[in-house]
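K.L.:
Take a look at what TrEMBL says about it:
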- 22-43: transmembrane segment (TRANSMEM)
- 74-94: transmembrane segment (TRANSMEM)
- 132-157: transmembrane segment (TRANSMEM)
- 216-238: transmembrane segment (TRANSMEM)
- 259-279: transmembrane segment (TRANSMEM)
- 291-322: transmembrane segment (TRANSMEM)
- 330-435: domain 'FAD-binding FR-type' (DOMAIN)
- 552-573: transmembrane segment (TRANSMEM)
- 593-616: transmembrane segment (TRANSMEM)
Amino acid sequence: MAQTSSSSSPSLKASSSVTNDFQAIIMALILIVTIGYFILLIVTPTNMYRQIWTPKIKAHTANSTYFGAQGRTLLMNTFPLIFIAVLGCVYLHLWKKSNNKNINRVEEKQKLAIWRRPIIMKGLGIVSRIELGFFVMFIALLVWTFASYLHIIFPTITPKSVAKSGEKVWEAKLEDSGLRLGLVGNICLTFLFVPVTRGSSVLQVFGLTSEASVKYHIWLGHIVMTLFSAHGICYIIYWAATHQLSEMLKWGKTDISNLAGELSLLSGLVLWIATFPRIRRKMFELFFYTHHFYILFVVFFVFHVGVSYACIMLPGFFLFMVDRFLRFLQSRSNVRLVSARVLPCETLELNFSKTKGLSYTPTSIMFVNVPSISKLQWHPFTITSSSNLEPEKISVAIKGEGSWSKKLYQMISSPNSVDRLNVSVEGPYGPPSTHFLRHDLLVMVSGGSGITPFISIIRELIHTSESQKCKTPEILLISVFKNSEDLTMLDLLLPISGAPSETCKLGLQIEAFVTREKKPVSTEDKKNLRTIWFKPNPSDEPITPILGQNNWLWLGAIISCSFIIFLISLGILNRYYIYPIDKNTNDIFSYPIKAVLNMLIICISIVITSSAAFVWNKRQSGTDAKQIQNMEGATPMASPNSWFYNADREMESLPQQSLFQSTNLHFGERPDLKRLLFERKESSVGVLVCGPKKMRHEVATICSSGLASNLHFESISFS
């Protein structure tokens with residue numbers, strides 16, 4: 001056996017080296033295409049592009065009987081991002097299979113440590129220096145584009161040039177400014193949907209996740225609506241000044257459709273208003289439902305500008321549609337809800353069955369839908385389980401804070417609790433890897449239910465310390481709660497099925513602060529934690545990976561095949577239906593009909609390829625799912641007691657006893673975070689925070705102060 005192992009070692013190293021080289025080539029190609037794409041955006045508003053590049057490109061594309069003028073936009077604006085997405089899928093597949101993936105990413109993070117230090121910016125929140133740098137460069141791109149357009153056009157607007165149309169100079173300049181604002185807004189619209197594409201390869205290949213990138217979507221959304229609103233206002237003022245308000249009702253057959261643009265803008269404004277924090281927090285359902293106006297916004301936008309120009313923003317929306325339809329397919333099945341832990345602090349931990357092939361990283365999230373409460377509402381919740389420690393179970397924690405979660409808590413915790421519950425899920429979604437092992441100490445600061453993402457990290461480290469027998473970082477968990485009942489959240493640190501004896505070796509220290517009580521609650525006033533077990537239903541399925549083990553390869557195949565089918569179908573449509581009528585003049589065939597046909601082809605191509613991949617992988621994973629369904633184990637009747645509420649009794653297990661002994665309770669005070677962080681002398685201290693905005697900003701300020709070089713703020717987004 002020793003000879004076999006030693007002889008295979010060189011081949012494994014050689015294979016790993018080839019894989020790493022291939023990864024490096026793919027990443028280099030991705031960076032080259034990305035840089036080239038942004039160079040294209042930079043030069044687009046210049047005379048060089050208009051007078052030199054555009055004529056040459058038109059000479060090769062404009063006379064095409066298959067794509068016509070649309071071919072140039074597809075080639076220059078759509079193809080690069082689609083190509084990056086497909087290459088990203090291949091890269092992530094290779095990276096997932098490689099043996100040294102953690103080492104490379106850790107080295108990258110250490111090199112960028114200074115640039116990752118947090119900065120608190122008013123209006124932007126907590127951002128790293130890298131994020132701030134890219135944000136400034138993006139704003140500079142928008143300003144450059146707008147200024148370049150005006151620099152070229154304004155000198156040509158003179159009293160003599162506007163005399164024929166009977167306009168004034170300021171009116172002509174206002175009209176042109178409005179047009180250019182719309183063109184600049186289209187740049188932002190190109191990227192608007194990328195951050196909310198949850199399974200995006202584009203995000204993950206650059207070390208991002210959709211959860212952490214939601215803030216980019218928010219920034220882009222505000223910029224898009226600001227620019228498009230200014231675009232619309234400029235035209236309304238122009239039409240009013242030139243007595244052409246009837247133009248507002250224009251729906252051109254082979255020209256810009258103003259009415260469609262107004263409907264698109266109106267849909268966007270309704271959506272935009274509901275996103276402001278005060279409205280979103282107080283009326284979440286209004287925010288949720290109005291957000292679906294994005295469909296009307298995009299459809300009428302395409303009608304407004306024409307499908308050829310709309311291809312500029314197509315790649316981001318195309319990738320979003322692929323992801324959205326895959327999520328739709330996953331959400332059609334009811335999943336097996338095994339049990340629920342009901343905590344006195346109006347918190348639930350839902351435990352679902354899953355196949356062993358479904359793996360995820362700590363801090364991942366999962367979207368949950370309960371049709372008996374709302375068939376349309378999907379809510380994201382942090383996963384508390386570890387796919388390594390609990391290979392056949394996945395859990396989420398739900399705090400009863402909103403109307404939806406309160407209804408769910410009441411439904412499950414009531415004396416006449418339901419014996420089964422129909423639940424659908426989407427996900428899980430999370431970072432491709434975590435890098436907690438690189439630190440000597442992890443300091444986790446949480447407020448209330450903000451402890452939930454740290455539960456999955458702790459459970460993962462429990463597994464790592466037991467299975468890999470390697471040194472894990474020590475953990476300091478600083479948790480702030482309002483009252484004693486909230487302390488039962490600490491019970492979720494251990495899985496419902498118990499934890500291995502290695503828990504006591506983890507090096508976990510818990511500092512729990514109860515701010516609204518001066519002393520512990522008496523035993524008589526304490527409510528018990530209980531576990532509810534649900535009856536299985538033959539139609540329920542364990543949660544499986546939607547595209548199987550090779551999910552990135554399948555996603556790359558879906559993106560590339562659906563785009564190729566779209567191009568082939570579009571070429572056939574143009575060559576044999578549109579071209580015989582229009583002859584590439586763009587003056588005969590109806591723009592709206594062409595837009596409808598294009599949108600229909602895109603939808604059909606995505607539905608065909610995604611459905612085929614989903615059905616194929618569904619069959620492949622059906623065997624594992626059936627095995628789990630047939631495992632009807634005995635349903636435990638007793639509920640594990642809370643180790644906090646039973647502090648004065650003998651502990652039921654060694655892990656519970658170890659956790660209790662490592663916990664210090666503080667009543668009637670708040671933690672001195674500056675002291676707790678600055679007194680840590682370990683060489684590398686990873687600092688994570690999840691809680692109220694004030695707490696997050698305080699921790700970020702401490703880490704970015706420069707007074708302690710060993711503090712490394714880990715920017716992770718939680719739900």
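Here the Cβ of each residue, glycine as well, is placed from N, Cα and C on the backbone.
What does the local environment look like for each feature on the list?
P.N.:
Within the chain, the transmembrane segment (22-43) has long-range Cβ neighbours (under 8 A, six or more residues past its boundaries) at 49, 53, 76-77, 80-81, 83-84, 87-88, 90-91, 94-95, 98, 141, 144-145, 187, 205.
Beyond the transmembrane segment (132-157), the same-chain residues lying 6 or more positions past its ends with a Cβ under 8 Å from any Cβ of the stretch are 38, 41-42, 44-47, 50, 115, 119, 121, 124, 169, 172-173, 176-177, 180-181, 183-184, 187-188, 219, 223, 227.
Under 8 Å from some Cβ of the transmembrane segment (259-279) lie the Cβ atoms of residues 218, 221-222, 224-225, 228-229, 232, 248-251, 286-287, 290-291, 293-294, 296-301, 303-305, 592, all in the same chain and six or more residues away from its ends.
Within the chain, the transmembrane segment (291-322) has long-range Cβ neighbours (under 8 A, six or more residues past its boundaries) at 68-70, 73-74, 77-82, 85, 186, 189-194, 196-197, 200, 202, 256-258, 260-261, 263-264, 267-268, 270-271, 274-275, 555, 558-559, 562-563, 586, 591-592, 594-595, 598-599, 602-603, 606, 610.
Tertiary neighbourhood of the transmembrane segment (552-573): same-chain residues 66-67, 70, 74, 82, 85-86, 88-90, 92-93, 96, 199, 201, 318-319, 322, 326, 597-598, 601-602, 604-606, 608-610, 613, 617, selected by CB-CB distance under 8 Å and a gap of 6+ residues from either end.
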K.L.:
The transmembrane segment (593-616): which same-chain residues, six or more beyond its ends, come within Cβ distance under 8 Å?
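P.N.:
Contacts with the transmembrane segment (593-616): 299, 302-303, 306-307, 310, 318, 321-322, 325-326, 329-330, 546-547, 554, 557-558, 561-563, 565-566, 569-570, 573, 578.
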